[in-house]
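Chemist: First, the structure itself, so that you have it in front of you.
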């Protein structure tokens, strides 16, 4: 220690701090030189190794800590490696999917920049998709690309027609003559060839011709099928069906003498020979699958062995690119080969344990058994081979390279033998289930089979599809069917090479067993490189897949069994592959027994067409493969798929030889070409300095304008939208773009107007602009005058101000205007109130009596009134706010989805907002509606029910009833029709307080009751407002508040009737649709939508109110979903219909739609009927005419309902049943309107039309000879005539006593005369004095169908048949006490801040 101190010179540096600690140093020295420490001499290497081995062996001792820790480490390591592997596979799959998307999007038409950023966007959503779903998604994108191309082509066509319109509009009035346009379309239609005419739409028929332009006799009695919108559509369809029926009947006759098993095979194989592109048939034929009908001689127990049944199971032969494997499959223990990650295959099993041979590599063919020992190929007339198998169960043989091995199995379940390399061996397996044998490298195995049936001498030899072939096996009593060439479905299996594991296994497993019966059994799958690589969607150069094609369904048999499984053992193999293998689900249908086999359905497109007959499409052009995308085949699956699914074929970037500009005309052509005349005139007035005080008012009500962007149909002229749509409807979707060019060229050459016509058109345009300008000015001056928003002006006040015009010089002239106008009846105070429309009419009459140009005089009068009405800035702001609030009530009604709840809510919100903002009050309010007093008539004929109120008053007011014998002033308001204001309710003795818990000291406030009036000034309810909850001592309503509350009552009345008018229209639509479905069968669904204004940038939206299916079951949405224009680019035909107010025929998603507008009285569309007719190109002519009848009746009913609610027409009661109530009347208006039209049409008939029916039975022999009608048909026609006439006679009320004993037809004939016709033309079947034997009439009519009546082709029978059915329907409805169809009820929302009654008012108004 001292030596260290001296060495470090620590003694000389005593004053310097140091880190040297002598104690620590001394201790360390002593520890290092401890004499008692003995150093370990060490161990040998042998001892060290043995010790390590011992420690390692301890980990294998069960139930020890080391053992458990070792197992945990192994599992952790295994899971970590698995996660790393899965992550690597996901990266590979994501890369390949991205590449597939990039290749797929080359199908889309690119914009000028040549980029589609959506590829990157979609890539983030497909990461977790299964392989099958991803391929279906790719196919969906293919069809979307095809539809997108069609949209571009349609946009190009519409742009060409728009340019044509501008060229033909030489006067620049933005209108073309409609009749001249239709005449040119007829001329172009007539000069076209028959082939072209079959693709065009007939311009002489509806929808080109309106119902008002068709005579009644022609509308109801024209049954000439040649006048269909598609020329000879019915005849062509009937001819095709007859040819198919004859072909099928001949085939059945040929097979009658064949054995049952062979006959079934022939039928089933024949059904697969037809093209799989049929798109127009019944719902059973919409999927591209066909049921095979190979059947045995009987049904045996499912679990009996092959030896007991004397038959073996069938097999599914699945062939790879360079090898093929035979698969034996049973009904209960069959197996299915499933390949790769996320691949699945479905195998159909018959009730006789039959089998289906399927083969791949872009073709379908029968798999010929390999040239090995003991195999016999048996071929049928359809070149199908059947090979008999020994009594073994479920064995699978796999083929190597030019060697074969047999696998013998005992009666176990689903075992599979695994083979070695380059040698043939037989392995017997027992007591094993679900094992999978796979072979390493290029070897093929063939199952040895003992021939049990001789080869058919008439069978043809099967050509070899590849160098190696699979086999088809079947038992002696169980048949299998396979179709050659393109007439057979196949299962294509392709495998890739895989490395052999070091442990000696045959290779990592790529396939998984999929159980069909007892979920036991398997199919061995082998891997190997193929001669041709195929995939449902090709990702890269090394990509392969299993492709299994479904068959076309020819019978509705059992449902398809599809099983999809994911093989967990396939994940290690993916690491060795450079590309992902995809597989397509094989869809096979079950085989039915002979007893249950239905007749094959007729497919239109299976008929061989005549060489002279043009190929007329009978289905939608834009049709996808039938069924959902899941049922369709993927692009690239096979050669036949690519031929059928043209949407998945490569497409050029040019459309009709032109590169797309990247812009759509339909998106902005309204801005460029379509201008609102009202907006233009409003802009001109706002630029005029003479009307400065009206500018703010005009801007306000232009902002609050309702629905914009619709063209009204006027029947005289066509604007740009209507012209383009008319031409687009004419050319249809099946014509070429060149035909549209020819049509445009034809129009440009032949459309011309004379000088007088141009001058007349310009004059009409000027008058229209002047009329709109006058209306805007008068509406603005009315709103400025009505500063408090009451909705009315006092006539005396208006006269007093008008008479001062020009210092009274025009006083006498103005008084003359009162002689030409009918003012409303004066109120009890002798005041005449003018509404906005009445005020405008009155001023126009006053101006017409003054000297000078009417437009200049009117502007002078408006300028005078504007200067005479002085309003302060505060009054102007208050007027602006109140106008906005009143508009919100109407807006709530228009966007309510036919519900009153939003109207009630918005009404109370407006009342409370105005009371707080302009009166500094807290109010309570409730709405009472008049109802008929049914239960207590002694307390008054009517009662007032509180249907809505503010939330605080709900426990005391809501749903309470006020009778006439109770205290209150509400019935006084109802009787007098004017508001009543009680300033202090505590001093009034006739006020009824709903809250009985309130003390009399709290009865401090004002009460105001206002009448609710309809368009005819009839009272239907009361709006009550009070200030009992206001804390202020003085809370009296001021005059401007009372006037505004009158405006609120008026706005609520308008909104209330708006909702109920739409509700009644919806009620009538439902009735009409149900009638249509009762007489037609070709319509799938009918969707009813109403137009509503939009709060967004769009002009309007559609609300899906109701969907009715073919059974007449209607789904009514209480909260209807909204359809926006931007969200339905592939279904834009709905908005085309509402934009133009014209009928649209379009295709969407492979289905044909007929979009029919529901027009309001201004001829603008207020709704739409979307008629879906499925995959048919068009309805039959009879159904098409019945659709027209339904549409015409609904439109007439809508005009009547809307006119009654708006006050434009008076309500008329035609039949007695209409007085039963508003709701019930709305439900029968459709039948009443049809009854009226039928009676009017019967009156137009000549007497000889009825006489010819009486003589029909005497000339039936002549008809049978001249018209080539069989005797049975003539007798059926005679029975039809007799029964219809008997049914009509039974409605006669003049001689009903003499009709009871009639038995022979000779006695019935005496009652058919002109008096009977006159009687049925005015008969009211619902009258109380009309007595009809309904059961007897029904017995005569119900035996005859609608089709039978139509085929008779007689207008009298047609009219009488409909007349009888309508009368019976009205009688049935009249006998019911309740309403058979209830319109949608107002929804009740829990989030509403106002209370609304859940019970519906009957609304029986006085």
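Just so you know, glycine gets a Cβ as well, placed from its N, Cα and C.
Here's the feature list from Swiss-Prot:
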REGION    255-655  region 'Disordered'
COMPBIAS  258-294  compositional bias 'Polar residues'
COMPBIAS  322-334  compositional bias 'Polar residues'
COMPBIAS  342-354  compositional bias 'Polar residues'
COMPBIAS  362-373  compositional bias 'Polar residues'
COMPBIAS  382-393  compositional bias 'Polar residues'
COMPBIAS  402-414  compositional bias 'Polar residues'
COMPBIAS  422-434  compositional bias 'Polar residues'
COMPBIAS  442-464  compositional bias 'Polar residues'
COMPBIAS  465-477  compositional bias 'Basic and acidic residues'
COMPBIAS  501-513  compositional bias 'Low complexity'
COMPBIAS  564-577  compositional bias 'Acidic residues'
COMPBIAS  578-598  compositional bias 'Basic and acidic residues'
COMPBIAS  638-655  compositional bias 'Basic and acidic residues'
DOMAIN    773-808  domain 'EF-hand'
BINDING   786, 788, 790, 797  Ca(2+) binding site
Chemist: According to DSSP, folded down to helix, strand and coil, what is residue 797 (Ca(2+) binding site)?
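Modeler: For residue 797 (Ca(2+) binding site) - judged by DSSP and reduced to three states - the answer is helix.
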Chemist: For residue 790 (Ca(2+) binding site), what is the tally of other C-beta atoms lying within 10 angstroms of its C-beta?
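Modeler: Within a 10 Å radius of the Cβ of residue 790 (Ca(2+) binding site) lie 20 other Cβ atoms.
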Chemist: Can you name the residues of this chain that are 6 or more positions from residue 786 (Ca(2+) binding site) yet have a C-beta less than 8 Å from its C-beta?
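Modeler: Listed in sequence order, they are 792, 793.
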Chemist: Out of 788, 797, which of the binding-site residues has the smallest number of neighbouring Cβ atoms within 10 Å?
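Modeler: Among the binding-site residues 788, 797, the sparsest Cβ neighbourhood within 10 Å belongs to 797.
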Chemist: Reduce the DSSP letter at residue 790 (Ca(2+) binding site) to three states and note it down.
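Modeler: DSSP assigns residue 790 (Ca(2+) binding site) to coil.
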Chemist: Which value does the mean pLDDT take for the domain 'EF-hand' (773-808) in this predicted structure?
Modeler: 91
Chemist: Within 8 Å of the centroid of the Cβ atoms of 786, 788, 790, 797, which other residues of that chain place their own Cβ, given that this set defines the recorded Ca(2+) site?
Modeler: 785, 787, 789, 791, 792, 793, 794, 1043
